[in-house]
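The structure under discussion appears below in the form of structure tokens.
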Amino acid sequence: MDLYRSGSSSSCAGKAPDQIDGLLAGAGYRVRSSELRNVAQRLERLETVMVNAPSEISHLADEVVLHNPSDLASWVDSLLSELNQPVPVPDLSDLTYAESLDPTVNTGAWMEHHTAEQHREIPQVLTAVEEDSCIQLVHVLMTCAGSVQRGEFSLARALIDEMQGLLTRVNNRCGIGKVAGYFIDALSRRLFSPQGSGLIGSAYENEILYHHFYEASPYLKFAHFTANQAILEAFDGHDCVHVIDFNLMQGLQWPALIQALALRSGGPPLLRLTGIGPPSSDGRDSLREIGLRLAELAHSVNVQFAFRGVAASRLEDVKPWMLQVGPKEAVAINFIMQLHRLLVSAPTRGSPIEAVLGWIRNLNPKVMIVVEQEANHNQPEFLDRFTEALHYYSTTFDSLETCSTQPDKALAEIYIQREICNIVCCEGLARVERHEPLAKWRSRLRGAGFKPLHLGSNAFKQASMLLTLFSAEGYCVEEDGGCLTLGWHSRPLIAASAWQAIPEPNPPLGLVDPYNNVV
Amino acid sequence: MAGSNEIKVNESKKVVPLNTWILISNFKLAYNMLRRPDGTFNRDLAEFLDRKVPPNTVPVDGVFSFDVVDRSTSLLNRIYRPSPSPETAADPQFGIIDLQNPLSTTEIVPVIIFFHGGSFAHSSANSAIYDTFCRRLVSICKAVVVSVNYRRSPENCYPSAYDDGWAALKWVHSRPWLRSGKDSKVFVYLAGDSSGGNIAHHVAHRAAESGVEVLGNILLHPMFGGQDRTESEKKLDGKYFVTIQDRDWYWRAYLPKGEDRDHPACNPFGPRGISLKGLTFPKSLVVVAGLDLVQDWQLAYVEGLKNAGQEVKLLFLKQATIGFYFLPNNDHFYSLMEEINSFVNPNC
């Protein structure tokens, strides 16, 4: 009676971890084999939460955000975030999983590593014990990161187990407990994921997360507002203006600028917008879609508008001839949380940042906006980066606690989690979140031939007002040598600055043709 | 009883493969969200969550399926058939369904009328888990399976599911294209898991009383109960995906208002049960999962059949939990399939 044992559609022997579990697929659920344990843990977590909060279950049922139930992992996560639980740390300490067709294999093997999870109670707020556990947790995190740096991987793994235990004694709904979970998760991925590729999402996913981060906190709004202010001022008196946005995303920044230009005394200029973004993999031309929407808006307020999308996987692939800058145009360059990606360097690729800043300088823009995370996440030593990131993102998460709308808050946290993962898990070309502090950018940009433009007291006052309108207590705007920073309780988290090219002291004969491929 | 903040040790993880645990736990948690304390059911969310699949007239893995509506009852039945092998079919036209010729004029092809589980409230004939299960049944037993999309509670309580089962039985018997064998008749078996097993019993009972032929009953951890709390219920409450509380909810949703669990629908051999002595009741294969808290009621059912002089075989799978047959990744699944195959193909 062996016909069905050799059956095709239901076999699952020896699949590569990245493949979907064939048996669950037959039941209508898509879960990668490598994620099975993770999903099981989350289900357990969800059950614990449901048992302890039965009154919230009917709320869940009536108001749950409807994610695709076939994608079990996201489905469970969405329920967990509805109930304000962080995604738990995956237990990856046993990478070999039983071939479930073989009845002699002990299918209970995966149970062995869960001893810490049994009899777990939902922690009440216990200040003394909790504070102690928080301090311990940070200490073990630092020790673990140190052991990772030194290549002591078995010690690191043991420390991860210890931290999982500590996590249960800490209030993981906020503060260090929540962010520690993400850092432990990132360390696990670095240790156990063979590719060390962190969390990679599709362009579409990234857009969604970005949007919710935009809604949940004032950082992006501040960046856009300050940038638009500087661009408006730089475009004063010009009739043909061209904005080059190095990360169009959903174009959230531009409606406000279009409207401000429409109301300009003397009438609006002819506005060109060039939006740069990653190529869409699913056949949608998202750049074009956004361009169309912005064009409609511009049309409705009588601003002459033209849009061009430039798809590029890497910023350094963008060449000036793609932008088609006209000789009489006033150009504004816009880098919102992007410029640091050019700091990725490899021996064979030269210095992308120098190359790009070089041709931008030759375009002689009226203003170049640079908004960056105010943090030192590009230090050569892993432990230094880790420590800095831990403090930076703890502050960021603290500030996010003031957001009360879902799913904005949950998805904003995932947005940030991706940054954390990139900083902690990745190296080399994959590590793109190479944040550097304002002081470093100042010397770098000066060296590349740019001089700072003061953002002005107007911008400062208006940014402060923006904060009181949109955000909670705790955020603060500060002026720093002509630049503006937005932070949480006196820790600056975002820095905005504006720049202009210093004219060449000895220009070559004739005008520099911006259509040339300048290197 | 454990304190409200203490999580019971979850023993189910030790006895089922990981993907099975995920599948059944997901159901359990989703179902918790659907049952409301006031006895109503969040049907919209249930339908959204249920993973459904369309039928396929072009065979996949040797099985094809199509949906048919019985116009007199507007009942949907999904028919699963083995695809004709290239040698026997003169001109296999995939995608075209033959609703005229019998299944065979020489061989006997069993037709299994299957009632899916879901405690009378959940799932449908086109739920992915049941569609997949029916397809496996067809492959292994070389049978035709008719999966009935009976009306569910709490919107349709007793006796809707039984009426729908009875209608399906009559419908199957009257289809010329389900006949087989030299005598050209429909060789009907009834089968079901959980509430489907309960339906199979009651339909078989009505068939026996009305003289409609059913050759056998296959009851896969059938859903029975009673007012008493049995040992197995007390011992296994909450340990393997199922709780007494949720069983009670489903009975309240199915049984008529004001009735208790000794109603004969729930407890056919209980104080209000009707005797089956002397009836031409079909032979039964009753499968009991050793980690199912309802097992004492199922074992009592087996005893009840025996006491009534009816033929019954018990397949007791000691380490099986409910839903062990959803994924073919454990021994119990294969034992079950062998038993069912022998049951419907007694001459093989």
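Yeah, the Cβs are placed from backbone N, Cα and C, and that goes for glycine too.
Listed in TrEMBL for this protein:
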- A:21-86: domain 'Transcriptional factor DELLA N-terminal' (DOMAIN)
- A:210-275: region 'VHIID' (REGION)
- A:289-321: region 'Leucine repeat II (LRII)' (REGION)
- A:331-422: region 'PFYRE' (REGION)
- A:425-500: region 'SAW' (REGION)
- A:241-245: motif 'VHIID' (MOTIF)
- A:339-343: motif 'LXXLL motif' (MOTIF)
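With helix defined as DSSP H, G or I and strand as E or B, the region 'PFYRE' (A:331-422) counts 54 helix, 15 strand, 23 coil. When each of A:289-321, A:331-422, A:425-500 is scored by its Cβ pairs under 8 Å to the region 'VHIID' (A:210-275), the top-ranked stretch turns out to be A:331-422.
For the motif 'VHIID' (A:241-245), the DSSP counts in helix, strand and coil order read 0 helix, 5 strand, 0 coil. Here the region 'Leucine repeat II (LRII)' (A:289-321) is broken down by DSSP into helix, strand and coil counts: 17 helix, 7 strand, 9 coil. For the region 'VHIID' (A:210-275), the mean pLDDT of the prediction comes to 92.
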